[in-house]
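Positions annotated as GTP binding site by Swiss-Prot, on the basis of similarity to another entry: 14-21, 91-95, 153-156. For LYS79, LYS187, LYS306, LYS396, the entry in Swiss-Prot reads N6,N6,N6-trimethyllysine. Among the features that Swiss-Prot reports, N6-methyllysine is placed at LYS261, with the record citing similarity to another entry. According to Swiss-Prot, the region 'G1' annotation covers 14-21, on the basis of similarity to another entry. Marked as region 'G3' by Swiss-Prot: 91-94.
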Amino acid sequence: MGKEKFHINIVVIGHVDSGKSTTTGHLIYKLGGIDKRVIERFEKEAAEMNKRSFKYAWVLDKLKAERERGITIDIALWKFETTKYYCTVIDAPGHRDFIKNMITGTSQADCAVLIIDSTTGGFEAGISKDGQTREHALLAFTLGVKQMICCCNKMDATTPKYSKARYDEIVKEVSSYLKKVGYNPDKIPFVPISGFEGDNMIERSTNLDWYKGPTLLEALDQINDAKRPSDKPLRLPLQDVYKIGGIGTVPVGRVETGVLKPGMVVTFGPTGLTTEVKSVEMHHEALQEALPGDNVGFNVKNVAVKDLKRGFVASNSKDDPAKGAASFTSQVIIMNHPGQIGNGYAPVLDCHTSHIAVKFAEILTKIDRRSGKEIEKEPKFLKNGDAGMVKMIPTKPMVVETFSEYPPLGRFAVRDMRQTVAVGVIKNVDKKDPTGAKVTKAAQKKK
C-alpha cells in the first residue's frame, strides 16, 4: 500500500429530472464499492420490470429504498474511487434531510457536482425561476461549498444528438447564473456527458470529439483537497455524554476544528466548566491526538454527567475558549415559510449539535441574495425567497461562532412546523463571559 488516498465528500445537486441518480449510480457502479452480485440482482429485477433504461438509477433507488426502510446499508455503497481520491457521495438532495444535513455540518462537501438536463425543455425547466437548480447552487455556495463541477447531462438526447451548439448555449446561460450566485465560472469545468450511455463519464467519448476538456472522472481528480482545519483552535460540539463505570464521565463528539489531546485543559461552552482531559478514544483505541473529522469519546476528571449536555462545545482553555452567545447577527435566506417572518419570530435553530429556540430580535436589512447588497433597511418582515441580516437572541445559553472563523459552528437551519424554513450563516457574535464557572482541581494544577 502506498500513501492512503485522500477522502473527499461530493454533493450531487440539480433539478429532479436532471439524471442525478443515473449519473451517481453510474459512477458508483463503475468505480465503487457495490458488490457485483448485488448489481446482478438489481439488473435482473430491473429487467423483469422492464426498467432496463433505469439501470444505474435503479441501483441508487434500491439503495435508497433499503435505507429508508431502515435496512442499514453499508455506507461503502455510496463511495467510489478515482485515481487520486476516495469519494463519498453525500445524500442526494431529493432526500428530505438533505438541507438540514448540509447545514448542521454532518457533512461538509468539498465539491458540488451540478447535473443539468441538456434536452430541449429539460434544461429550461431546471433553471426556471422555481427550478431546483438555482436553489441548490445558491445553497451550496452559501454553505461554503466553494468548488463545483457542472455536468451537461443527456447529451445523447439533444437535437441533434451530442450537439455542440446546445452545449455552448447551456454553458453560457449556467455560467451567468452561477456568477450571480457567487461562483467563478472560469474555474468550473463544464463536462458534456451521458450518465446513461456513459459518454465522458470515465472514458473520453468519440461522440463528443469537439470537446477537449476533462471527463467527469478527470474533473473529480482535479478537485483541490480540503485543507482540514487542524491549525485552528479546538471546537468539539458534544453529541452525547456517558457515564462509564470505572472510568467516569465521557463526552462524545466530532472534532470540527483544532486538535484534542490527553492532558489538555478544556473549557466547555457555554457554561465555562473547565477540566483536564484524561484520555481520548476512537473505536475503543486510545489516541494521542484527535483531528478534525474524528468522532471521539474523551474522559474528563471530576465532572458530573449532569454538568454537560449535547450541544455544549469543548475547546482549549488557553486558545480562544468557547463562550455562550448573548446575541449574534446572521445572514438568513427564507426557503419554505408559508407566511411572513417579523421581529419576535421564535423558531428552533439547528446549529452543529445544538437544538435551541432563538428569537429573531431585529430584522436589520433585506439584501439581494445574488449580489449581497442591501435593498431595504429595517424591513417589517421577510418572506419566502428573501434574504436578510437578522439579529438573534438565544432563549437558552448556546455556543455559536462566525462562519468565517469556525464554519461548522457558523451555519444553521431554522426549523419550524417540522421543516427547514430558512438557512443562515453567522456574521458576528456578541459573546458573554460565563459567571461562576467551575474549574476542577486537575485544571487548576495545570494553570
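Each Cβ is built from the backbone N, Cα and C atoms, and glycine gets one as well.
The helix, strand and coil residue counts that DSSP assigns across the region 'G1' (14-21) are 2 helix, 1 strand, 5 coil. Taking Cβ-Cβ distances under 8 Å and a sequence gap of 6 or more within the same chain, the neighbours of LYS396 (N6,N6,N6-trimethyllysine) are ILE356, ALA357.
Scoring each of the modified residues (LYS79, LYS261, LYS306) by how many neighbouring Cβ atoms lie within 10 Å, the top position goes to LYS79. All protein chains shown were included, and the count of other CB atoms within 10 Å of the CB of MET155 (GTP binding site) stands at 28.
Look at LYS306 (N6,N6,N6-trimethyllysine): DSSP puts it in a helix. When Cβ atoms from all protein chains are considered, those within 10 Å of ASP17 (GTP binding site) total 15, not counting its own.
With the fewest other Cβ atoms inside 10 Å of its Cβ, the least crowded of the recorded positions LYS20, LYS187 in this structure is LYS187. Put simply, of the modified residues LYS79, LYS187, LYS306, the one whose Cα is nearest the Cα of ASP17 (GTP binding site) is LYS79. Here the residue listed as 'N6-methyllysine' is positioned 41 angstrom away from GLY14 (GTP binding site), judged by their C-alpha atoms. Mean pLDDT of the predicted structure over the region 'G3' (91-94): 51.
DSSP gives the residue listed as 'N6-methyllysine' a coil state; it is part of no helix or strand.
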